[in-house]
Amino acid sequence: MSTYTRRRLSDAPFLAAATGATPSRRPVWFMRMAGRSLPEYRELRKRVGMLESCFDPELVCEFTMQPVRRHGVDAAILFSDIVVPLKAAGIDLDIVPGVGPVIASPVRDVADVRALPRLRPEEVGAVAEGVRLLTAALGDIPLIGFAGAPFTLASYLIEGGPSKNHERTKAMMHADPQTWHALLGALTDITIVFLRAQLAAGVDAIQLFDSWAGALSLADYRRFVLPHSERVFAEVADAGVPRIHFGIGTGELLGAMGEAGADVVGVDWRVPLTEAVRRVGPGKALQGNLDPAVLFAGPEVIRAETRRIVGEADEAITMGATGHIFNLGHGVLPDTDPGVLTELVGYIHEL
Ligand code: CP3
């Protein structure tokens, strides 16, 4: 018996597509659909900081609901951030507008790793409360919870902020594998506590973002990252909800990322879904993969690209994929016209 109770949403197209059933329509949602592309978000955020918002259950609920109300998407994604569990555990960090997460004291050696705090579930109680408000507010729309994967969190902690080349991260990985695995083990524990808190509060699916894993070779990914991501997925399996795994530029890693234990593999725009299914293998659903920059190219281009992706997704299903969830290949860009997203949702539902 699962220790989790959640809403029964067996007819939701998003959950049907994620679990190999036949959805009543093609489900669509967008990564980073909440936030800066929405004027109603920018208005409320004038008075409150990003991280502060993530620990305010009412704001978590409101910011999660904004894109759902506006666009008519088939799933909501919890308003939070991948660094929220690190902040909750007591790591000194901030999210700097236009930059991203910035860590006050980067993790550079074994002493820093040993000093990392653990996360206690009550430290993310505000997030869990936000989830509870949402399960009431969302009606029959599923709620996706999420976390950053251990590698992506490690990169922020080691580099101290966003990084193009991840050189310090890769240096630790190769030069001091023991410290590396201790760090990833600690981050895996934090990620599991964070996801389990969301699951206990009622999220209907989870997505693990390994946003920067695409910087790794397949061999390094398998040796230094996969065992930890695998443990995350294994430790949340008992909830029985769909598990999605996504990273940007991960074309070469798609098979291994599926092996980590995902039911759904997210694909960016660089790899067509017909090729993604070959790399992932049969038995999993695919999510993606419209280039977010295409949303700036006008309605005709957007519709043509959408038809191409839907066609490739249907072909991928004949090749063994168990379903398709329409999404972008990465998050909504801040300058995106939200009207274009609403229009796109309508078009996908019409097709
Ligand atoms: O709509 C949603 O997707 C829900 C919320 C969400 C946020 N961050 C809110 C946010 C999600 C799913 C994330 C995940 C996240 N955060 C990832 C993984 C996904 C990806 O993009 O690959 C990563 C790498 C982060 C780290 C992070 N946080 C970055 C790179 C940034 C952007 C920094 C900037 O200002 O350009 C953030 C900040 C952030 N996270 C914002 C939002 C709405 C913008 C902050 C603001 O409004 O001031």
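Note that Cβ sites are derived from N, Cα and C of the backbone, with glycine treated the same way.
Taken from TrEMBL as is:
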type: BINDING; residues: Arg32, Met33, Ala34, Gly35, Arg36, Asp81, Tyr156, Ser211, His330; note: substrate binding site
type: SITE; residues: Asp81; note: site 'Transition state stabilizer'
type: DOMAIN; residues: 144-160; note: domain 'Uroporphyrinogen decarboxylase (URO-D)'
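For the binding-site residues Arg32, His330, counting C-beta atoms within 10 A of each C-beta gives the highest total at His330.
Cα spacing between Arg32 (substrate binding site) and Asp81 (site 'Transition state stabilizer'): 10 Å, rounded to the nearest whole number. Sequence-distant contacts of the domain 'Uroporphyrinogen decarboxylase (URO-D)' (144-160) (same chain, six or more residues past either end, CB-CB distance under 8 Å): 29, 75-78, 80, 82-83, 85-86, 91, 93, 101-103, 106-108, 131, 166, 168-169, 172, 180, 183-184, 187-188, 190-191, 194-195, 198-199, 203-213, 215-216, 224-225, 228-229, 232, 244-245, 247. Rounded to a whole number, the distance between the Cα atoms of Asp81 (site 'Transition state stabilizer') and Tyr156 (substrate binding site) is 13 Å. Tyr156 (substrate binding site) is surrounded by 26 other CB atoms, counting those within 10 A of its CB over all protein chains shown. For Asp81 (site 'Transition state stabilizer'), the same-chain residues that are 6 or more apart in sequence and have a Cβ closer than 8 Å to its Cβ are Met50, Leu51, Cys54, Ile95, Pro101.
Max Cα-Cα distance over the annotated substrate binders (Arg32, Met33, Ala34, Gly35, Arg36, Asp81, Tyr156, Ser211, His330) is 23 Å.
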